[in-house]
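Asks: Structure below; questions to follow.
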Amino acid sequence: MATEEIHSLYDTILILDFGSQYSHLITRRCRELNVYCEMLPCTQKISELSWKPKGIILSGSPYSVYAPDAPHVDPDVFTLGVPILGICYGLQEIARVHGGTVDAHTHREYGYAKIEVVKTGKKDQDALFEGIEMEADGGLQVWMSHGDQLTSLPPNFVTIASTPTSPFTSVAHESKPIYGVQFHPEVSHSPRGKEVIAAFVKNVCGVRDGWSMESFIPKEIARIRQICGEKGQVIGAVSGGVDSTVAAKLMHEAIGDRFHAIMVDNGVLRKDEAKKVHKMLTVDLGVNLTVIDASELFLARLKGVEDPERKRKIIGNTFIEVFEAEAAKLEAAAEKELAEKGGEAKGKIEWLLQGTLYPDVIESISFKGPSATIKTHHNVGGLLEDMKLKLIEPLRELFKDEVRALGRLLNIPEHLVGRHPFPGPGLAIRILGEVTREQIAILQHADDIYIEEIRAAGLYDQISQAFVALLPVKAVGVAGDARTYDQVVAVRAVSTEDFMTADWFVFPPQVLKRISSRITNEVKGVNRVVYDITSKPPGTVEWL
């Protein structure tokens, strides 16, 4: 959904990100409250926004607010006339702007803390904790993660919560809807934190809680129909993953047979993927699907390339080229139909569907100060600048769990909705080194065994994503009486709510043992299996 359109349909909370590892959780908590919100870098100029938020939340940050390179908010934030909530660093930024003092404290607070809410007796000042049930001792358990803290109140601010070591844990302006909390209400370790956020967005900001997948479907279908008109045609990039499948189903619901689902076999798909996807989309969903075998073209362009960013760019650019060529064929067919049927004919092919999600957008933002781009996502930063087709991305504002919920509402079978994600660049970013047919075959076989064993153990639906990575190293092994010198694969499985953070999955030892045994015995060229136990952060889900 386009930015201007979505803000005309939903009240929006703006989250300004200062580089905190928890920033995305603020977004998640708002969405869980059926409140639409959007995260932008802290460097965002308010004057450049084409819409006005109902409220603004300033995130935490790894920086000290007085450090020479510390990020700072646009001063216009405080003249916009909307409620503001500062979290951790956000509180300190509010204090800095309004004349308070922030210092490094001798007692750093990391972990659980108990705050005492201070009632001022004034409704607006007490609004942040209004109606929240305190614990038996009268306090409220929260999660702290800060070294600096507010040591003197800015003029016209009052204390609304404190701890023994932090007298200004939460503050409020005397007459304006500006609040700050030193703790992190967005994390699960603050049990009542979601209620604090709810008090701000609903009670203080007055946001209408209309954001839900039930409301999203008719509005997005109406938007798609308006964009495409009565005759416009769309080609859809589908891979068989949940994102593109849900996007394709939504598009098919909106414009019917004017939507053309196209799958590009780029040579770096999972084993027998093209056949499986064709069956799933045509039999289960009734979508008209064309499969284009462009594997020779992709592999020729990937020859000799090891750098993951170059792989992404090559695959993204080649992907668009193939789609444009197919669009030209469809356009020629449309022109022929127009000549034969006149006004009964369909319109031009103008749009390219992609299943871009909100985490893709977040991770592809390059902040000028506190953060750096993690990687260029295939769906966001790897497209041709001179692309002739226009992108249509109906899922761009959604998190993965929202997409799955949307799929279920669209009556997509559970075995499709629950499928693990697969990256746009495919196995090319799971092969750490040059992509060759031999390496692809090894990885396809190992990955197929891995997923088969996970399903057999009844663990597939407990895992958010699982895959095998082929490493660019060899190890000595023994097969019978012979010495081997073959490749190493890493198996990875993670659990996550939204793919912004993830924990490695704890397998029963016997399952890992069987996975390792089967791969080393059945996959020629592999003699060692390792298990990746890295969480996100510090790692990413994919290796490249």
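Cβ atoms here come from the backbone N, Cα and C positions, even for glycine.
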Asks: Using only what Swiss-Prot says about XMP binding by R312, D481, E542, identify which of K474, K536 is listed for that site too.
Replies: K536
Asks: What is the set of residues, excluding S239, G240, G241, V242, D243, S244, T245, whose C-beta falls within 8 angstroms of the centroid of the C-beta atoms at the ATP site?
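Replies: For the ATP site the neighbour list reads V238, V246, A247, A248, G355, R419, P421, F422.
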Asks: So which one is it: of the recorded positions E186, D243, D481, E542, which has the fewest other Cβ atoms within 10 Å?
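Replies: With the recorded positions E186, D243, D481, E542, fewest surrounding Cβ atoms within 10 Å: D481.
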Asks: I'd like to confirm something. Which of the binding-site residues, S239, D481, E542, has a Cα closest to the Cα of C88 (active site, nucleophile)?
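Replies: That would be E542, nearest by Cα distance.
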Asks: Compare the C-alpha of T245 (ATP binding site) with the C-alpha of each of the recorded positions H184, E186, D481, K536, E542, and give the closest one.
Replies: E542
Asks: Nearest to S239 (ATP binding site) by Cα, among D481, K536, E542 (binding-site residues)?
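Replies: Checked the binding-site residues D481, K536, E542; minimum Cα distance to S239 (ATP binding site) goes to E542.
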